[in-house]
Each structure stands twice: as C-alpha cells, then as structure tokens.
C-alpha cells in the first residue's frame, strides 16, 4: 500500500502521490483514495468527480491553487495560504480535502479570523437594514412607533427628516459649545446684586434651550431603545448624560442649596459643575464617522502609545537628572531639584519650550539639545503605526458598507428573478387553461401589487452582477 501510486487531476493540474506520504494522515480525502480502489466504482465516485481506470487518474473540479498549498501538509506538516486566495474559500477547500485546520499556520489563521469577522459584520449590517425595512404585522402599535422613533433618531441615512434632525442636533452641540466659551468673556458678563459676575441672561436662555433639546433627544432615544441596559451603559450615552446632568444639578443647588449650605459653597459647586459642560463636545463623535474612526485607531494603538509614554518617561527622568547635576555649578541656577527639573524635561522633549526654566551652563545647554533631539525621535516613532491603523479601519468600514449594499442588491435581484419566474409559469398555466383576457389582467394586477418586486433595468442588472463578482 505504501508503494501505491495515484494520479490526481485538480482543475487541469496533475499531481502524482505515493501511499507512504498520504498514509501519514489517513483521515484525509487523498489517503482515502488509495484505500477505495478495492471498493469498486461506488466508493471511488463518492470521493472524486471522475476516474480513469486506465491511467488510474482521479479528477476533481476544485481550485488548483488552493490544492497546491494544501498538499504541503504531506511534506512539511503545515499549510501556508498563498497570497491572493480568499481565506474563506481556502477554508472550504481544506474541509473538502478533509485536512484539519490545526495544520494551518498561525499567520494564515489570523487572516482567516479577520475575514470571518468581516463577513459577520456584513451579515450584521444587512440584518439591521432588513430589520429596518421589514414590518411585522403581529407587532403592536407601540412597538411600531418605538421602532420608528429609534430609526428616526439613530439612523440619519434612513430618511430625509432623520437627516434634518441629525443636522439640528449637530448645530445645537456647536451652539452650546460656543455659548459656553463666549459666556466667559468679561465684557459679555453682567453683575448681580451682590457684585458677582454671571453669564448674560441671553446666553443663559440659549443654554437652557440647548439643554432642553439634549434632554428631549436622550429621553426619546432611551424610551425607543430595544435594549435599555445596553443603551444606558454605552460610552456615548454616558457622555450625553454628563453633558446635561451638570445643568440640572447646578439648577437644584442654586434654588435649594442656599438653604442647606453657605452661599459661597453653593457658588463654588456650581462653578465646578459648569466645567463638566465641556463633555458635550464629545457628542460630536456621534455625528462624525471621522471622529469614530480616530477613536478606534487610538484604541487599536494602545501598544504604540504605551511605547511612546515609556520612551518619554525614561528620557524625562534621565535628562532632568543630568540637567540638575550640570546646573548646580551655576550660582543663578533655575534647577532647584530633580522633581522640578521634570517640568523642564517635559516641555523640552515635547518641543514646547515655555522658557520659564532653561540651562545656563555649556554642559546644560548640550544636555538640552540632546534631550530635544531624543524627544523628536521618540514622538515620531509610533506615529506611522497609528496612521496605518486609522487608514486601515477607515478603508475597512467603506468596504464593509459597500459589500452590505451589494448583498442587499443581490438579494433583491434573486427575489425578483424568483418572483418573475413563478409569475411567468403562472401566466403560462392560465394561457393553457384558456382563460379570457380580463381575468388574466386582473390576476396580473393582483400579482403585481402583492408579490412582485420591481426588477432593475437591464443595464443596472448587468452592472450589479459585475460589481458583485468583483
């Protein structure tokens, strides 16, 4: 059996195998080919597409490029996926040849897992779109209204009014942020009866209107949310709460806090809460895909950012200690201690240079020049990986969005072709039965209104299929 020779023809590519190699993995399909020769044609054709007994050649209508990679397991004990092969198709080929995925190298498994995640993301997006388009007749009126409000507020691309609401929300965020900044200008502030400066009443009214919009938007989204707990614990929704909560807490302290504590303490608490209004600027991330992509890129770049902080920490400690030591000989030194020198090292290595602390000796200036150059290099090193993560994620999101749209178009085309075929057969049956014209026309109208999905034009149909193949 070990000296048995078989010829395998996969997609026009012939390969010769010997039993001693194939029997290393007896559970694979190629090893089963050797043992099936004595079992007759039924067992042979259960494993291959065709067989030539004269040449003892087995024929398979499979991918030859993937096959060339898979047979490496018989010679090297592992499989490497060649560049350019779809990981999902390669996985299906391995399952056909009955080769376990454990023989696939780790680097190739990473590509396979990434492709699986992409397909799952595409399926999730398609399902979300189908859920938005579908209407369940068994749902109650409140459920339908809840779904409509959720789509109206969370998905601006669903309709033109939803886009208008998204633009309004964006404008309210900008107006609120501008009012918060303008309110700190002394010329625009007014003095109350006790001589304290406070915001202008007009700006205060605009602030109240913006908070009213944010509150209404959050309450409606919370009521219409399918999963209340997940909604409440979401990061962006926590930001929304932090954006509106200081207003109501300061309002409560202003009216009720004076009875419980001193007026000065109430004012200090109100000022501290007003600082929390800066959280509303993060609400812009909800309406900006670029900010969301940047956030994801930073999350994926924690390792690079950690290296940057480590480089800077080591450099700050070394150069601040050297600067303190070298500047001690100068009578008017500004380096009083090593912890105080940390501030000089930070502003030097980050190329800020306020000038409040600077070296006065020659060795101190040389140390400052070296720390400056090291700081530039340390900051520049992790920038490239962070930019790569940003570009990769942004392009991936565009590809997934396009793939989801193509999948929906294919589903529509398949559904339309099936409906059209069934309608055509039904029409032929009516003609064979000799039905009259008016009855046939009435059946046509019923079929069109109840079951027919509009076909795309011939040009659009052809382009869609080409795009899907690509």
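Even glycines carry a Cβ here, placed using N, Cα and C.
The feature transmembrane segment, as given by TrEMBL for the ranges 120-141, 142-163, 164-185, sits at 164-185. Range 229-251 is the one annotated as transmembrane segment, of 229-251, 252-274, 275-297 (source: TrEMBL). Residue counts for the domain 'Potassium channel tetramerisation-type BTB' (6-107) under DSSP (helix as H, G, I; strand as E, B; rest coil) come to 45 helix, 20 strand, 37 coil.
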